[in-house]
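> TrEMBL lists these features:
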DOMAIN    147-455  domain 'NADH:quinone oxidoreductase/Mrp antiporter transmembrane'
TRANSMEM  6-26  transmembrane segment
TRANSMEM  33-54  transmembrane segment
TRANSMEM  74-94  transmembrane segment
TRANSMEM  130-147  transmembrane segment
TRANSMEM  185-209  transmembrane segment
TRANSMEM  229-258  transmembrane segment
TRANSMEM  270-291  transmembrane segment
TRANSMEM  303-322  transmembrane segment
TRANSMEM  359-380  transmembrane segment
TRANSMEM  408-430  transmembrane segment
TRANSMEM  442-465  transmembrane segment
TRANSMEM  486-512  transmembrane segment
Amino acid sequence: MNWWALSPIIIVLGTGAVQVLLEAFLPEMARRPFQIVTSLLAIIAAFVMATLNFRDLPQQSVPIAGGELLLDWVGTFAVLILLVLGALSVLVFADRSSQLDGAFAAQPADRPGSADEHLSITKQYQRTEIFPLMMFSLGGMMVFVQATSLLTLFVALEVMSLPLYILAASARRARLISQEAGMKYFLLGAFASAFFLMGSALFFLMFGMVNVTAIRADVVIQFAQSKDAGALVLFVLAVLMILVGLLFKVAAVPFHAWTPDVYQGAPSPVTGFMAAGVKVAAFLAIIRVLHSVSIGVFPGMRASLWIIAALTIIYGTVMGLRQTDVKRMLAYSSIAHAGFILTALTGQNGIFSGTVSSILFYLLTYGIATVGAFAIITLVRDRDEQGNITGEATNMTRWNGLAKESPLLAVSMTIFLLSFAGIPLTAGFMGKFWLFSDAVRIGAVPLVILAVLASAATAVFYFRLIRNMFFYERDDRSVVVASEGFALFAIAFSALATVLLGIMPTLVINLLS
């Protein structure tokens, strides 16, 4: 077994296990700094090892872990993206305001509104289990992008998802909404996982194996040309059921229903991590499945993807235009972005390495901007009539005049929104330009035209928030709270990276080429 190639995954998951054990032995005051430091050190160490793996990649893909994982440039670069997003997310998770409250419930087991909850808040309890949960989820994502076996994909899917269900229900404020979000995500996620597992069972029935990359192309073509209608239907059904489980994770229509409520109800650090990281993991798995089954030889399956991509783009754009809540607006924006990426996966002649490169670059730029945007949301708070600081100010009117109170946050948020809109000199523009160019090359011209028009339309709701921040008078019902510094560093890094990748995209493009 190639332990060196597995070292990034081992470091992240091993650190999560150690953090859980030490929760029981460390004094309460020592837990938080220990968890923050070990999380960051583990991610840095894993990033170094993944970088060395990427540098020393062999010419051909190498099966590792008994053939359950694949060491190739696609999976390794995706691991690097996930580790960058993970490091930024740890900083946002760790941040507390000047009131030392943070984004997570003091004691998640306390009943919302009870005397126990009030006592926990008064004593300023800080639950540090969020860090090992995040590390487990990150480790699951890293396995997910390198897995070739459907069983390993399923296990990685659950390792990635189960901590997110818990984290989504652990907001410090608006706890009932947060718990509803966690329950909705869990129930619908379990339903999608069942589809994935059923598709995997049918796949095993057809081929006698669960390793999707081991299927020979000629066998797939034989199925496509088969006169046995029953076998063909079973094969297509297996692939579609697997895709249902994966398309749920990227919030593609019609598997998107959970997205707005979960994004709104979950703690903003969790929403940022989930929106960025899960998309990377799920899209890499979709790429492996579609490439292995040679989707280009199945016109009906391609047509289904075309319809899903078009509906996802249209629905995300139209619903985003109607939103007045910042987090729900970003949720529908996330749906639209999933549709944009799907345009590059609908080619008649399959999936090319160039297309995969553009998708990876797009996921990197989108993920960095997303984590940064949700980090800013954690710092903009509502204020009641007595002047007490309460929950996050997610209503767009509460952001009026933000530039007058905090120019740094307003400018950073503007950079992220411009990147989402694909405005030149931002990373989002280069990502969309490269992605749509590849989509045209593979024959998805109608979808690209739709995506470009939708991208222009999404700019309307991004610019609406920018207008509120810079051109309206300050709303006294909200306030920017002082940060300990962790979130500010994540915001500054994300904003700088978004600008640099927009001006000098070759920093990453050369690696992907």
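The backbone N, Cα and C atoms fix where each Cβ goes, glycine too.
Curation does not apply to TrEMBL; its annotations are automatic.
For each feature listed, report its degree of burial, its nearest neighbours and the pertinent distances within the displayed model.
Same-chain neighbours of the transmembrane segment (6-26): 34-35, 38-39, 42-43, 45-47, 49-50, 53, 64-65, 69, 79, 83, 86, 128-129, 131-133, 135-136, 138-139, 142-143, 146, counting only residues six or more beyond its ends whose CB sits under 8 Å from a CB of the stretch.
Long-range neighbours of the transmembrane segment (74-94) within the same chain, counting only residues 6 or more positions beyond its ends whose Cβ lies under 8 Å from a Cβ of the stretch, are 8-9, 12, 32, 36, 39-40, 43-44, 46-47, 50-51, 53-54, 57, 103-104, 130-131, 134, 138, 141-142, 145-146, 268-270, 272-273, 276-277, 280-281, 284, 287, 356, 360, 363-364, 367-368, 371-372, 374-375, 378, 484, 486-487, 489-490, 493-494, 511-512.
A Cβ distance under 8 Å defines the sequence-distant neighbours of the transmembrane segment (130-147), meaning residues of its chain 6+ beyond its ends; these are 8-9, 12-13, 15-17, 19-20, 23, 35-36, 38-39, 42-43, 46, 68-71, 74-76, 78-79, 82-83, 86, 89-90, 93-94, 104, 153, 155-164, 166-167, 170, 273, 277-278, 280-282, 284-285, 288.
Non-local neighbours of the transmembrane segment (185-209) in the same chain are 150-151, 153-154, 157-158, 161, 164-165, 168, 215, 219, 223, 231, 234-235, 237-246, 248-249, 255, 257-258, 262, 266; each lies 6+ residues outside the stretch with a CB under 8 Å from one of its CB atoms.
Long-range contacts of the transmembrane segment (229-258) within its own chain (CB-CB distance under 8 A, at least 6 residues past either end) are made by residues 150, 157, 161, 184-185, 188-189, 192-193, 195-200, 202-203, 205-206, 223, 278-279, 281-283, 285-286, 289, 293, 295, 298, 300-301, 304, 308-309, 311-312, 315-316, 331, 334-335, 338-339, 341-342.
Listed by sequence, the residues of this chain that lie at least six past the ends of the transmembrane segment (303-322) yet keep a Cβ under 8 A from its Cβ atoms are 240, 247, 252-254, 256, 260, 295, 329, 332-340, 342-343, 345-346, 444, 447, 450-451, 454, 457-458, 460-461.
Tertiary neighbourhood of the transmembrane segment (442-465): same-chain residues 306, 309-310, 313-314, 316-317, 320-321, 323, 326, 329, 333, 336, 339-340, 343-344, 346-349, 351-352, 355, 396, 399, 413, 417-418, 420-423, 432, 436, selected by CB-CB distance under 8 Å and a gap of 6+ residues from either end.
Long-range contacts of the transmembrane segment (486-512) within the same chain, counting only residues at least 6 positions beyond its ends with a Cβ under 8 Å from a Cβ of the stretch, are 36, 54, 77, 88-89, 91-92, 94-95, 357, 360-361, 364-365, 368-369, 371-372, 375-376, 378-379, 408-409, 411-412, 415-416, 419, 424-430, 434.
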